[in-house]
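Feature list (source: Swiss-Prot):
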- 2: N-acetylthreonine (MOD_RES)
- 2: phosphothreonine (MOD_RES)
- 41-61: transmembrane segment (TRANSMEM)
- 118: chlorophyll a ChlzD2 binding site (BINDING)
- 125-141: transmembrane segment (TRANSMEM)
- 153-166: transmembrane segment (TRANSMEM)
- 208-228: transmembrane segment (TRANSMEM)
- 215, 269: Fe cation binding site (BINDING)
- 279-295: transmembrane segment (TRANSMEM)
């Protein structure tokens, strides 16, 4: 008789295995290890934003009303950046600025750093969530890689740019009109629209929108009508073995339209991934350059000629003058502590400009 010796299959699970089983269990909303970062950070970031836009003024940091309580609406409310005098302080509630006083912390702009950092880590948690789920179901990680692009833009605009400047004050506030103002600031002080990295970003985003529209329309146009259902959702079984649209027909169509067309689905879809992700990454790199005050294209010869010849003007020289007007108006408004004084003749004339 043979006796088999070995460990019992019913070994006691350690704490890590128990936590892993619970976190990665198949449920309606997947939690996962990434959820330990994502859910708390997203909760606090959104909660801080809703609290700030509802109740908190920007009077002490920007001299502005910025909450629903003060009469703002969804487009004009914001969680505004801390004052310039606070530089790059983390503005912790228990720090030397607020000293545990929640009201003072809100007045100083503490909610902005709270929302910015929790929001940044929340986005990273969401990317890790995509990695984790992809690994669990044996998918490639391209979704997570693609999501790195908006994370790069967020981190560069909200964190790296103000770190390169004198303080968080120069980051965008979290609000619709506030971000519009930040865009105008970027144009006036950095000539952002003439920056090659911005140009690549625009090409990426608009090119991706065009590709998405073309791709969706082409697939709709070449669907196989192999079912008797009244619409696409009834006509096709999600587990069917055959493809639902004709790549050959699509290729022939676009070959006739443009003379060239994608003949490979992998290359087509990789290109749709590559265009927007690369565009957003280029924009993020450009903003890092602005943090270091790197300049955009300068056509100095045109500026010199325009200064010498009143009859010579280009769209570029007109834009340069417009940027000077933006700087003259915004600097005095946004930085009253600097006591900037500009001659009356260079300032805009009221609502009529």
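Using the three backbone atoms N, Cα and C, a Cβ is placed for every residue, glycine included.
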At an 8 Å Cβ cut-off, counting only pairs 6 or more apart in sequence, do the transmembrane segment (153-166) and the transmembrane segment (41-61) clear the bar of 3 or more pairs? no
Spatial neighbours of the transmembrane segment (279-295) far in sequence, C-beta under 8 Å, 6+ residues away: 148-150, 152-153, 155-157, 160-165, 186, 190-192, 195-198, 200-205, 207-208
Where residue 215 (Fe cation binding site) and residue 118 (chlorophyll a ChlzD2 binding site) are concerned, what is their Cα separation in Å, rounded? 36
Binding-site residues compared (118, 215, 269) - highest count of Cβ atoms within 10 Å: 118
Please report the distance from the Cα of the residue listed as 'chlorophyll a ChlzD2 binding site' to the Cα of residue 269 (Fe cation binding site), rounded to the nearest angstrom. 33
